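Enquirer: The domain 'Amino acid permease/ SLC12A' annotation in TrEMBL covers 90-575. The region 'Disordered' annotation in TrEMBL covers 1-42. Sequence annotations record features per position, and here TrEMBL assigns transmembrane segment to 93-112, 118-135, 171-190, 202-222, 228-248, 335-354, 374-401, 436-453, 465-488, 508-529, 549-570.
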Amino acid sequence: MSAAPSDYDPEKNLTLPSSGGGSTDRNDFAPGHAESNGNWGTRFIDSFKRDPNAHVTKPAQATNPREYDHAAAAERTANSGLATKLKGRHLQMIAIGGSIGTGLFVTSGAALSTGGPAALIIAFIIIGVLMFCTVQALGEMAVLFPVAGSFSAYSTRFLDPAWGFAMGWNYAIQWLVVLPLEIVAASITLSFWPGANDTNKAAWVTIFLIVIVAINFFGVRGYGEAEFVFAIIKVVAVIGFIILGIILNCGGGPDGGYIGGRYWKSNNVPANYPGYQMGQPAGSIASGAFNSGFKGLCSVFVTAAFSFAGTELVGLAAAESENPRRSLPTAIKQVFWRICLFYIVSLTIVSLLVPYGDARLLGDSSEDAKASPFVIAINNAGIEVLPSVMNVVILIAVLSVGNSSIYGSSRTLAALAEQNQAPRILAYIDRAGRPLVSIIVASALGLLCYVVAGGQEDAKTALNWLYSLSGLSSIFTWGSICLAHIRFRSAWKKQGHSLDELAFRSQVGVIGSWVGFILNCLVLVAQFWTAAWPIGYGTYTATGIAQNFFLAYLAAPVVILFYIPYKIYYRTPFMRTMNMDLQSGRKEWDTPTLLEAERVERAQLPRWKRIYKIFC
């Protein structure tokens, strides 16, 4: 199949009925379509049937069943049949606020306690640079190849099919195990209010699970609309906290005087600090710029990475965007502002309002919203209503992450199935463009939340081990994206193409991808060091050190266990630049014409807006 067949509409990214056949566009089967036959109930039931156009090509049969047919895999991910209903505003909000969740609002408190304020800011800046380079590389490839599976498919196509297999399952498992624990985290968040705390957690878990699953059964449009609303609430809340934090730091709160940079200095917590009235002995709250030195800084990296996890979803969503050429570059550029404003600025404000020695930062668990430094900062100011408001925002953030977990895992599972790297049934695409079986599987994993909510300690321990998989998973994903972009650029040049043909070009180029890849590797090294020799490891037993290591580094051996057996069995090659498929799924843009039109349009804008367009 050519890159731009006659029945392909490059503007809408839809596979339309060909003139010679009697096939029907899958959107004709979407619930409530005006031209569908039968009543609403019939159309609704029909929408769950398999899309007859979901597979444009039949799976190719390799001559040797133990040889991986990468060309057929690329062809199938390019023609997956997913619905293309995400608009530009959806992608922009997914990019700006889609992954703002417990990592920023809650777990950052433990990071502040471990490393101190300076380590917290430095670690988030480093991971922010890494993330910016990664998303730029992803945006360039996703605009050109808006295929199902996105970055896992790029690893298969541009690196090694075995590595693509490992990265696909690494990413799917990351989201699959996050779903039940995010639902439980939502029920724990509700315990902030006494009335909700008296209700059985299983009741709240049921409500949250039904809501999240229902949103995803509405298809990609349901996910997009939900994330649009969730992101607006989170963005407004963070901006509001920044403004409030500045006022509180300058002494504008009801109970406080000027704070300034007091908590960045050692042993400078005043006797009237609210933490002393909440259980801590007088004079016991430490302060200062760093805690535990360089090792404390390295310990914060994994928390920062966890906080940014989900940013790459904007690339995964490109395959379901109405017009990735226009919407994706704008969404990619928004990541710059999210890193600067919603992470760096907000955490700087937090570090000025809460000393790292406040015991409340550790909480009872990593999901305990009472441990949120945002909530503690507001409590310290003596403002009675706002902590409840902030907890509502944290609850919404937790539900948003749960919503993203079903979306991310189901699309990745479906793409793996399209590439014969997962059971084929997972590639079932219904007539509304939903990966139905994958959504059902991802939703079913959410039932594990009842085990956690039931209070069984053994079950909690087991799920905490599963949860540890998500800690480093994103680092492997981001490193693979950067390396895939480096290899793609090499193949693009080798096969006779120029950069002028790219509809969107990474603002940091190949150098940025090298920076991102090297930073990912350094984070893995730093995390290995702090996992094998944790802070205060002299007090650990041998069993304790081993357990700490695998809890912090479990994702690495899991990736290796996926990669090596697959590599040996299928004898997959490391992809050579001349053999890389640069045709399947490629969007054929009239790039020179588009760029010239955009240049003329920009030239007519005022100077301030031309500068703004560079970043947005």
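The backbone N, Cα and C atoms fix where each Cβ goes, and this holds for glycine too.
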Enquirer: Counting Cβ pairs under 8 Å that are 6 or more apart in sequence, does the total for the transmembrane segment (465-488) and the transmembrane segment (436-453) reach three or more?
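Expert: Since fewer than 3 Cβ pairs under 8 Å link them, the transmembrane segment (465-488) and the transmembrane segment (436-453) do not come into contact.
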Enquirer: Of the listed stretches 202-222, 228-248, 436-453, 508-529, 549-570, which one has the most C-beta pairs under 8 A with the transmembrane segment (171-190)?
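Expert: The stretch with the most contacts is 436-453.
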Enquirer: Between 93-112, 118-135, 436-453, who has the most Cβ pairs under 8 Å to the transmembrane segment (508-529)?
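Expert: Per the Cβ count, the answer is 118-135.
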Enquirer: List, by number or range, the same-chain residues at least 6 past the transmembrane segment (93-112) whose CB is under 8 A from its CB atoms?
Expert: 119-120, 123, 135, 182, 185, 224, 227-228, 230-232, 234-235, 238, 299-300, 303-304, 306-311, 313-314, 317, 331-332, 334-335, 337-338, 342-343, 346-347, 350-351, 354, 356, 360-363, 366-369, 371-374, 376, 393-394, 397-398, 400-401, 404
Enquirer: Which residues, given as numbers and ranges, are at least 6 beyond the ends of the transmembrane segment (335-354) yet have a Cβ under 8 Å from it?
Expert: 95-97, 100, 104, 108-109, 112, 117-118, 120-121, 124-125, 128, 131-132, 135, 235, 238-239, 241-242, 245-246, 248-249, 259-261, 263-264, 307-308, 311, 314, 361, 373-374, 376-377, 380, 615-616
Enquirer: Let me spell it out: take the transmembrane segment (118-135), skip the flanking residues so only those 6+ beyond its ends count, and list any with a Cβ under 8 Å from a Cβ in it.
Expert: 95, 108, 111-112, 264, 289-291, 296-297, 300-301, 303-305, 307-308, 311-312, 314-315, 332, 335-336, 339-340, 343-344, 347-348, 351, 478, 481-482, 508, 512-513, 515-516, 519-520, 523
Enquirer: Would you mind listing the long-range same-chain contacts of the transmembrane segment (228-248), meaning Cβ under 8 Å and 6+ residues beyond its ends?
Expert: 89-90, 93-94, 96-98, 100, 256, 259, 341-342, 345-346, 349-350, 352-353, 374, 377-378, 381, 386, 389-390, 393, 396-397, 399-400, 403
